[in-house]
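According to TrEMBL, the features are:
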BINDING   617, 618, 619, 620, 621, 622, 623, 624  ATP binding site
DOMAIN    691-707  domain 'DNA mismatch repair proteins mutS family'
Ligand code: ADP
């Protein structure tokens, strides 16, 4: 057995091997040492023909799922080696083999999966200047691939991976090597890459894997014929899954080639900064756009919604197609609420379909499927009054599958169990033999009791008993005092202290019936279940289409419900590069979360008169809220959702770029300024006139003059060369001079009111540049003690009066001085300066003052 263990272990070196021995999974040697430490299990030993005992630890087989889940969460892969022959009937060693390798990307157990999000496994492949990313969720059968070429291919593939956030990633060597120098991959947390065998990526091998998987003659139907890079990535992924899952993965029956698919480009920075699926600082769903828009009733809908939000459309037709459906649902409040109620009753048909293919379907799943299918007709009925093409299309895909539904209803009991092996899930009345077996099994006790009374009467032995024993089965027990009354046809079996035990032919017959009927009934149930499963498997593509239609309907209903509840409006979608005009726009999430009344604002950019808005105003005034609100409104329109505004005209936009505040890359060894400039570089290189740019405080990460110059030059470039619609918030008031110098640049300010030494934020955007920072007032509002803010005011006044020398001298009096006494006057002034808080003008004054002093 140990030899066999070692053979198997050799094939699964990168996995923890769970080796089934009776009621336990055992681990040996290094696996045992490692896992006992990780999971806090007792490490024991076992003689195995070697000099020393082999380290060993084990877990009971029925509790394996939780241990596997913990190991997988720790980044381990677990190979499960089962007993394949029945130990009771096999001679010599029991057959054992690995039946499945469980890893983070190949989980199929309901308890280990989040119903509302996908569990993707991805494969990234690089060859020369080309990359491809293939991914799938084996629980749903979604299978897609994208390819990228050119000098940026690795970072584009990286963006794709970040967006997917897969649970597991396999790669080829070349990709792994290139990933080390790719910032996107370095600074986003992804699971570590594992290299897969090179031959799996060779085009011919990969192509064959795919043809075999899809049972087709060519890859043309999937759009990847001749696309070697994509074929390699997909083929290797299928190969890996077959190798680890050990079965044909029937639900991977097709593939989507995503290149050329109509979606807006959204990079990981924009996804993060606009807080599309989680918040920037806490990483929570609450407070994200997804959280706001998610009123889906099903897991399928929730998973699709994340996908829709991360892949906004970029074709006017497709956006309007969705919007018209949302509008109909928006207007029909009563029906919409009814539909949402109906959707609530529908279970995860998509994952049930996945289980049919993965062969881990349970009777409980069948019951859930039957319940869900029973709801489909009423869902269809509720949609009858609608006429928008998108809803009509959904209706046409809501397959009732009545034969399947009837079959499930006829076969599976109510409150069906999750486990198959104990039987008890096939309905009474479906199969005569089964009913008979069960009757005998259940009637067994009665039959024995009845025989006992009959034998007592016939023999006159008053204390005659029929007993059951595991070794000898049913026996008639007669105490020694009645031995002489035992009839001839009793056959003696066993003698015990004060009694004898007998059997009769009749008893043997009954015993046979009772014992085998249980076994037979379970066997028959399993056979019936197999038939049910194969009927389901024949309908897998219909089931998947039904699941997708329900998921999509769920999302549209969710859009409509949020839009109605929050009083959103239907946006007019303009052509690529057309004018942007939002009247009374609001930030959807700030509005939903804040107790303050949200002050709406307009955004008007026609791309000619105004293509760049320079936005100034004190901190906390609402600049970044305003910019994000514009970006979110544009994005929501591209989802086909209504938007938080009184009215909105939104042009089709190819990409939204953001550069907002310090990002959390800071922790990962890059300076704030470096991060900022990398993001600025990417914007300058990739933005087009049809993009929307959100730039917050560009240049803040460096010294004042540097920062101002960079911000100035970037603005000039954006306005003159790129001409993309840009919102540019800045604390450099000097930039407002650009309005008169460059066409298309307009100044805006977020208004505040000054009253009694404090500021009141009015939150209204108006034309014009702000002329004061109100930094000290804001500091006061933030709780900086009056002592300090008062002193700051004094210093400010002096600075403004160009009275630097005295200001510095006085500061010295108050500050606890740590200076060397030998400093010159100029050195003293310089050491007192707080460059970060000087405006360029003030800095210039300091400089001219110093220069004067030197000259004097
Ligand atoms: P800035 O970028 O100018 O420093 P923010 O955009 O971060 O300011 O806004 C600060 C706070 O003001 C936000 O957290 C939000 O709660 C509130 N706020 C911003 N804009 C509005 C608005 N239009 N109506 C109501 N509250 C707002």
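Cβ coordinates are placed from backbone N, Cα and C, and glycine is handled just like the others.
Bear in mind that TrEMBL entries carry predicted annotations, made automatically and left uncurated.
What TrEMBL annotates, mapped onto the structure for a quick look.
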{"residue": "617", "record": "ATP binding site", "contacts (Cβ under 8 Å, 6+ apart)": "623, 729, 749, 750, 751, 752, 770"}
{"residue": "620", "record": "ATP binding site", "contacts (Cβ under 8 Å, 6+ apart)": "761, 778, 781"}
{"residue": "621", "record": "ATP binding site", "contacts (Cβ under 8 Å, 6+ apart)": "750, 751, 752, 761, 763"}
{"residue": "622", "record": "ATP binding site", "contacts (Cβ under 8 Å, 6+ apart)": "599, 750, 761, 763"}
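Close contacts with ligand 1, defined as a Cβ under 6 Å from any of its atoms, occur at 619, 621 among the binding-site residues 618, 619, 621.
The residues near the ATP site, meaning same-chain residues not in 617, 618, 619, 620, 621, 622, 623, 624 whose C-beta sits within 8 angstroms of the mean position of the site's C-beta atoms, are 729, 750, 761, in sequence order.
When the binding-site residues 619, 624 are scored by other C-beta atoms within 10 Å, 624 scores highest. Cβ neighbour count for residue 618 (ATP binding site) (all protein chains, 10 Å cutoff from its Cβ): 21.
On the 0 to 100 pLDDT scale, the domain 'DNA mismatch repair proteins mutS family' (691-707) averages 82 in this prediction.
Using a 10 Å Cβ-Cβ cutoff, residue 623 (ATP binding site) registers 25 neighbours.
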